[in-house]
Amino acid sequence: MAAELVEAMNMVKSFRVSDLQTLLASMGRSKSGLKQDLVGRALRLVQTEYSPELLKNVRQLYETRFPKASAWLAARRPETVAVNYPALNSSPRGTGQGTDYLNGIPKPAPPPAAEVKLVPLPFYHNLETLLPPTELVAQNSEKLQESQCVFDLTPNQVDQIRNSSELRPGMKSVQVVLRICYTDSIGVQEDQYPPNIAVKVNQSYCHVPGYYPSNKPGVEPRRPCRPVNITPWLHLSTVTNRVTITWGNFGKRYSVAVYLVRVFTSGELFNQLKHCSVENPDRCRERIQDKLRFDPESEIATTGLRVSLICPLVKMRLGVPCRVLTCAHLQCFDAVFFLQMNEKKPTWTCPVCDKPAPFELLTIDGLLSEILKETPEDVEEIEYLTDGSWRPIRDDKEKERERENSRTPDYPVVDICVPEANGHSPAHSGTNQTGKSGSGGASAGTGSTSGGSGGGTVVDLTLDDSSEEEGGGGAEDSEETDDSQDSPAPKRGRYDYDKDLVTAY
């Protein structure tokens, strides 16, 4: 047991990044990170979860890369190992069969037929397997190869296709799809097209998804590798259907499979998510309290966590807050927009932290759903507190808007009063409105002085010295006094012409 464990660890240390990612993905582990992180993660996996299945996967990966060395290791294995792992095609020592050796040197073992498993897709539910994963075998050394596969439809399968509803005109919800993936590695495989691919169904070429244009300079366009719908070109009867695949042979091995599937829409997936994966608000509060719990060993105490109510995908207010169970953040994204975007361009990546976000791990935040119903539309951010409660966060613009709309002003009020009949302004406004009170008193200044009433003298500051000297005659003063009692005297400037006749440009 110890010798096998050491052997498996040595094999893991010689793996490439792609081999490490395949091994970790086959065992349900994260395959992101640098090579040293992947190696450490794979070694811990071998040490902590050692099993015959894991050892088989490690050996198959190693034999794929080092076929000669794996044959030599297979010849050195004891009989017990060969009995426990017959699928490796390794011959035990001491059998005495001459076919296992050639001139005293053990023959290299043929490459194992790896069991290919395709990753399940949320929008495609497998009903039946029409053609299991089959390797595309090159017939010659030409770069452009052609492979053919055949399959038949049963009457029940034909009825399922014909009686299914339409997603849109001409597209049924029950389809026959073709999927292609790598064969070089083991474990669960994602869809991957070979270069120069072309698919012909019953002598008619079918559509294969093209490349996504890239907005970044110097970045090659990316091709979406999704199942190919071949239903419109099939014989919906018991007649045999033939599929011809043209592909480029550039050293990598591929496998092809055909499935009968039911296609879901983003709305149907959202209904599944809404009925099966909603996190209880009390559980959300417990998680918030755990994050904000005081740590005596930490020098920094967190008193609150701010969460935006704006979806990072579409920059709009959240409708259905959703997040991934494996993510550490509390920030959510809108579930409806997330499913719609993955329906058009499947990436299944968290828009907050860019980590994998498979549909099986999505959940609706029940607490944030209640908060969205209680808060007005203008609130764009909230803060979770240590006791699990929350409070809205308003920015400076909203505070200023509320201050303007409030009835109680924050600044002193200045009263502008009308002068009294005797030409004097009120005492409380004389200091604030000096110019206005003085000019207002000037309109009745002559009348107040001639009448001999009590009070201070009001001086018209708009008149200059020359105007006072011109009007100095006694008879003229009495006439002007009589006129001023009937109507206010017009202000006189230092110009002889009438100001009303001057045109302003």
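Even glycines carry a Cβ here, placed using N, Cα and C.
Annotated features, as they stand in Swiss-Prot:
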{"type": "BINDING", "residues": "Cys327, His329, Cys350, Cys353", "note": "Zn(2+) binding site"}
{"type": "COMPBIAS", "residues": "395-407", "note": "compositional bias 'Basic and acidic residues'"}
{"type": "COMPBIAS", "residues": "493-505", "note": "compositional bias 'Basic and acidic residues'"}
{"type": "CROSSLNK", "residues": "Lys35", "note": "SUMO cross-link"}
{"type": "DOMAIN", "residues": "12-46", "note": "domain 'SAP'"}
{"type": "DOMAIN", "residues": "104-264", "note": "domain 'PINIT'"}
{"type": "REGION", "residues": "374-505", "note": "region 'Required for nuclear localization'"}
{"type": "REGION", "residues": "395-505", "note": "region 'Disordered'"}
{"type": "ZN_FING", "residues": "296-381", "note": "zinc finger"}
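A straight line from the CA of Lys35 (SUMO cross-link) to the CA of His329 (Zn(2+) binding site) spans 26 Å. Packing against the domain 'SAP' (12-46) from elsewhere in the chain are residues 5, 54, 57-58, 61-62, 64-66, 185-188, 355-356: each is 6 or more residues past its ends and has a CB under 8 Å from a CB in it. Within 8 A of the CB centroid of the Zn(2+) site residues Cys327, His329, Cys350, Cys353, the other residues of that chain are Arg323, Val324, Ala328, Gln331, Val352, Asp354, Lys355, Ala357. In this view, the densest Cβ surroundings among the binding-site residues Cys327, Cys350, Cys353 belong to Cys350, judged by other Cβ atoms lying within 10 Å. Counted with DSSP, the zinc finger (296-381) comes out as 22 helix, 20 strand, 44 coil. If you take the C-beta of His329 (Zn(2+) binding site) and look for same-chain residues 6 or more apart in sequence within under 8 angstroms, you find Arg323, Val352, Cys353. In three-state terms derived from DSSP, the residue listed as 'SUMO cross-link' belongs to a helical segment. Confidence over the domain 'PINIT' (104-264), given as mean pLDDT on the 0 to 100 scale, stands at 85.
DSSP labels the residues of the domain 'SAP' (12-46) in these numbers: 24 helix, 0 strand, 11 coil. Neighbour density for the residue listed as 'SUMO cross-link': within 10 A of its CB lie 12 other CB atoms from the protein chains shown.
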